[in-house]
Amino acid sequence: MQKPPRTAAIIVAAGRGLRAGAGGPKQYRTLAGRPVIARALQPFCTHPEVFAVQPVTNPDDTATFNEAVAGLDFRPAVGGGATRQASVRAGLEALAELNPDIVLIHDAARPFVTPDLISRAIVAAGQTGAALPVIAVNDTVKQVDAEGCVVATPDRAQLRIAQTPQAFRFDVILDAHRRAARDGRDDFTDDAAIAEWAGLTVSTFEGDAANMKLTTPEDFSREESRLTAALGDIRTGTGYDVHAFGDGDHVWLCGLKVPHNRGFLAHSDGDVGLHALVDAILGALADGDIGSHFPPTDPQWKGAASDKFLKYAVDRVAARGGRIANLEVTMICERPKIGPLRDPMRQRIAEITGVPVSRVAVKATTSERLGFTGREEGIAATASATIRLPWSPWGAEGQAS
């Protein structure tokens, strides 16, 4: 049996994406709660035939990139150049030490690439050495002059729209890029054009209409609406937590260190607000509770910061392809007073979860001096979480719901 080719992938993410409007480089903007760059990277990182994934980024974006793609497995990013062509060459040079048989070159602005399209690219490159995915042109195309007047109507039967990932034998596309750089040619808009210039025959294979490139604000608006509509399984969970006071000079509440004349008796930092939110999110997922994921008998959680627990719960939602629609927590105590802390608490929860602060509510009440909270023996918190998951008639265990 013939061995499959050793395939690597380059994800080009060094551009600025100015046509996409405000909000920073488009590859770091979110769609349905998930960064575009993460959506583009994951299919390559998890594809069984791709052994190495090489991101190419702008060095100014290092922190943003690392946060956006946390949890994915890939090679350390390399810095890009002034043009897409220079960025691709940087990625190729970084992969040279691995000497793959095939390289796939993909734009981070195409976040809807599928495993099937990646597989077709690998097969095509193995057969012809240079190939790109294309889709048919369905509209009539007009060629115009500088004044916008029509000068020709090309035969659309001979036209195709190019996509990525474009696939090549690694040695030939690396050589083509190096030759173009030596000759001062830096005006190519894709890698297939460089291959053509270098004298290679470039074949085509079936692309995917859904594998669109995000370019304008309208693209983002349309795809956000489409993805959100697909998240039709709306779920709500509730949570409750309580901790008694002990010795200390501060308490942790909703991610903030709050000065107080007492501390919490707790295994972790005792943040009742975040603990209640964790239980609410896990409840919405039907995924146990905070104690089952972080047992108080486990010494590794002794004194642990509760923002880790909340981030873990948020990641569980993302792993199911979902997003958090709303978070609400109610603090029940006499002191400390929550009112002055309400907005900083909302902001901190938003920072931990990645949920817009406009979708985070913090409320406070007392028990009218009744019970343990009324006697100032501790603090309680209730929480609710609304999440949206991809709709399916099947439950998490594969049974009809």
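One is the number of the first residue shown, and numbering goes on along the chain from there.
Cβ atoms here come from the backbone N, Cα and C positions, even for glycine.
As written in Swiss-Prot, here are the features:
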- 1-234: region '2-C-methyl-D-erythritol 4-phosphate cytidylyltransferase' (REGION)
- Arg19: site 'Transition state stabilizer' (SITE)
- Lys26: site 'Transition state stabilizer' (SITE)
- Arg156: site 'Positions MEP for the nucleophilic attack' (SITE)
- Lys213: site 'Positions MEP for the nucleophilic attack' (SITE)
- 235-401: region '2-C-methyl-D-erythritol 2,4-cyclodiphosphate synthase' (REGION)
- Asp241, Val242, His243, His267, Ser268, Asp289, Ile290, Gly291, Thr365, Thr366, Ser367, Glu368, Phe372, Arg375: 4-CDP-2-C-methyl-D-erythritol 2-phosphate binding site (BINDING)
- Asp241, His243, His275: divalent metal cation binding site (BINDING)
- His267: site 'Transition state stabilizer' (SITE)
- Thr366: site 'Transition state stabilizer' (SITE)
Remark   = Keeping only the recorded positions of Arg156, Lys213, His275, Thr366 whose C-alpha lies within 10 A of that of Ile290 (4-CDP-2-C-methyl-D-erythritol 2-phosphate binding site) yields His275
Query = Relative to the Cα of Lys26 (site 'Transition state stabilizer'), which of the binding-site residues Asp241, His243, Ser268, His275 has the closest Cα?
reply = His275
Query = What's the CA-CA gap between Asp241 (4-CDP-2-C-methyl-D-erythritol 2-phosphate binding site) and His275 (divalent metal cation binding site) in angstrom, rounded?
reply = 6
Ask   = How far is it from Lys213 (site 'Positions MEP for the nucleophilic attack') to Arg156 (site 'Positions MEP for the nucleophilic attack'), counting Cα to Cα, in Å?
value = 21
Ask   = Relative to the Cβ position of Arg156 (site 'Positions MEP for the nucleophilic attack'), how many further Cβ atoms are located within 10 Å?
value = 13
Ask   = Which one is closest to Arg156 (site 'Positions MEP for the nucleophilic attack') in space, judged by CA to CA distance, out of the recorded positions His267, His275, Thr366?
value = His275
Task = Would you count the other CB atoms within 10 A of the CB of Lys213 (site 'Positions MEP for the nucleophilic attack'), including those on all shown protein chains?
result = 15
Inquiry  = What's the number of neighbouring CB atoms sitting within 10 A of the CB on Ile290 (4-CDP-2-C-methyl-D-erythritol 2-phosphate binding site)?
reply    = 26
Ask   = Can you count the other CB atoms that lie within 10 A of the CB of Lys26 (site 'Transition state stabilizer')?
value = 26
Ask   = For the recorded positions His243, His267, His275, which one has its C-beta crowded by the most other C-beta atoms within 10 angstroms?
value = His275
Inquiry  = Most Cβ neighbours within 10 Å: which of the recorded positions Ser268, Thr365, Thr366, Ser367 is it?
reply    = Ser268
Note = Per DSSP (helix/strand/coil reduction), Asp241 (4-CDP-2-C-methyl-D-erythritol 2-phosphate binding site) sits in strand
